[in-house]
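**Q** Submitted below is the structure of interest, expressed as structure tokens.
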Amino acid sequence: MSALNWKPFVYGGLASITAECGTFPIDLTKTRLQIQGQTNDAKFREIRYRGMLHALMRIGREEGLRALYSGIAPAMLRQASYGTIKIGTYQSLKRLAVERPEDETLLINVVCGILSGVISSAIANPTDVLKIRMQAQNSAVQGGMIGNFISIYQQEGTRGLWKGVSLTAQRAAIVVGVELPVYDITKKHLILSGLMGDTVSTHFLSSFTCGLVGALASNPVDVVRTRMMNQRDLRDGRCSGYKGTLDCLLQTWKNEGFFALYKGFWPNWLRLGPWNIIFFLTYEQLKKLDL
């Protein structure tokens, strides 16, 4: 077995941070849309936003443009850990399974994607909780990243930092298990068919496709995960709303209808689409560097 290749880890982290910075305001609107309208949480019961564009304009007008980047620090920290581990582990697992990229199959890539998604998301979960809590605040973020981190730990303990970890792992298994294999297989078939070469156009089309498929597959889990992470669970055992993952899913469906599970779909897709395009274009260019 060849030595571990460090390049996918570094390139994956750099490309992930670049993509996160370019699409973060869309991600923030997705979070705001997903947490509103909860009948069992008075703080988020009001329907403040009619859609993604309305959310962007209202947040910018009422809270200032800086509010559109509330939570960017933990988001970048998350990508530095999650993105680095995800891509590096995925590429490493593929090389363990088969030596040559040409021998890869959809099944191998899906299994490698699921495993890398679960591992990386579990490790990076505290930064995800922190990002969502900061995004959910309807005013200027108080205390910054460190202050919010300390606040979560003091009020909820270590468990608070890993709140929703099972959902995060499930979502990552779906997203990574779908997006990376779809990108690889789409790119492979476009090149082998002779329709396109290994060019920016191929990378663009492949990344657009995987972003759409990933958004469709992951949105219901993402809604439940966002609500669970945003929920306060105090040290004395009191909980502000949902009893667990299944309860959150059922209450959301029962109280708000099935399509509530697709709240935030448009910003989710409009984020995942550009996010994947920026990520893969950056990643493919970094791969060409002679290091």
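Every residue number used here counts from 1 along the chain in the order it is shown.
Backbone N, Cα and C atoms are what each Cβ position is placed from, and that goes for glycine too.
The structure displayed is predicted, hence computed values, not measured ones.
In case it helps, Swiss-Prot gives these features for our protein:
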- 7-96: repeat 'Solcar 1' (REPEAT)
- 104-189: repeat 'Solcar 2' (REPEAT)
- 198-289: repeat 'Solcar 3' (REPEAT)
- 9-26: transmembrane segment (TRANSMEM)
- 71-89: transmembrane segment (TRANSMEM)
- 106-124: transmembrane segment (TRANSMEM)
- 164-183: transmembrane segment (TRANSMEM)
- 204-224: transmembrane segment (TRANSMEM)
- 264-283: transmembrane segment (TRANSMEM)
**Q** Residues sitting near the transmembrane segment (71-89): Cβ under 8 Å, six or more positions beyond its termini, same chain?
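**A** For the transmembrane segment (71-89), the sequence-distant neighbours (Cβ-Cβ under 8 Å, at least 6 residues beyond its ends) are 6, 8-13, 15-17, 19-21, 24, 27-28, 115-117, 119-121, 123-124, 127-128, 130-135, 141, 144-145, 149, 172, 176, 283.
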**Q** Compute the average pLDDT of the predicted model within the repeat 'Solcar 1' (7-96).
**A** 90
**Q** By Cβ distance under 8 Å, which residues at least 6 away from the ends of the transmembrane segment (164-183) in the same chain are close to it?
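**A** Here the qualifying positions are 86, 90, 106, 109-114, 116-118, 120-122, 125, 128-129, 206-207, 209-211, 213-214, 217-218, 221-222, 224-225, 228-229, 245, 272, 276, 280.
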**Q** Work out, from DSSP, the number of helix, strand and coil residues along the repeat 'Solcar 3' (198-289).
**A** 71 helix, 2 strand, 19 coil
